[in-house]
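Visitor: Quick one: the structure is below, questions incoming.
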Amino acid sequence: MAQRVVVTLSDDIDGGEASETVTFGLDGKSYEIDLNRENAKKLRMGLAPYVRAGRKRARSGKAFQHTSVAPDPSAVRAWARSHGFEVPPRGRIPKKVYEAFDEAHGTASDAGAEESR
């Protein structure tokens, strides 16, 4: 037996049947709202002067994150041993070792936090 599922959108303003979902953004946040033709037209007309005066963003809106490159673990181990730290031959390098390595080399990697997890 076949089954048919019908999804009906409700207008988020007046509760009637919606004909479309409108996506818009404000203050760095994206919103969706289900509207009938009349309410969608009102929204677009209300925003029209701002859209005309504004400019499109070139980026996707996702925040850019700076990442640091973790130092080579074998180099950290060799440095640590030569400076009196006890480090295992394999596996996790203690955070305090990464912190000392970073301080000695004037780097600020996030490797210690990532490696010690």
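Every residue, even glycine, has its Cβ placed from backbone N, Cα and C.
The domain 'Lsr2 dimerization' feature in TrEMBL is assigned to 1-56. As annotated by TrEMBL, domain 'Lsr2 DNA-binding' applies to 70-104.
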Visitor: Average the per-residue pLDDT over the domain 'Lsr2 DNA-binding' (70-104) and send me the rounded value.
Guide: 89
Visitor: Provide the three-state DSSP residue tally for the domain 'Lsr2 DNA-binding' (70-104): helix first, then strand, then coil.
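Guide: Taking the domain 'Lsr2 DNA-binding' (70-104) as a whole: 20 helix, 0 strand, 15 coil.
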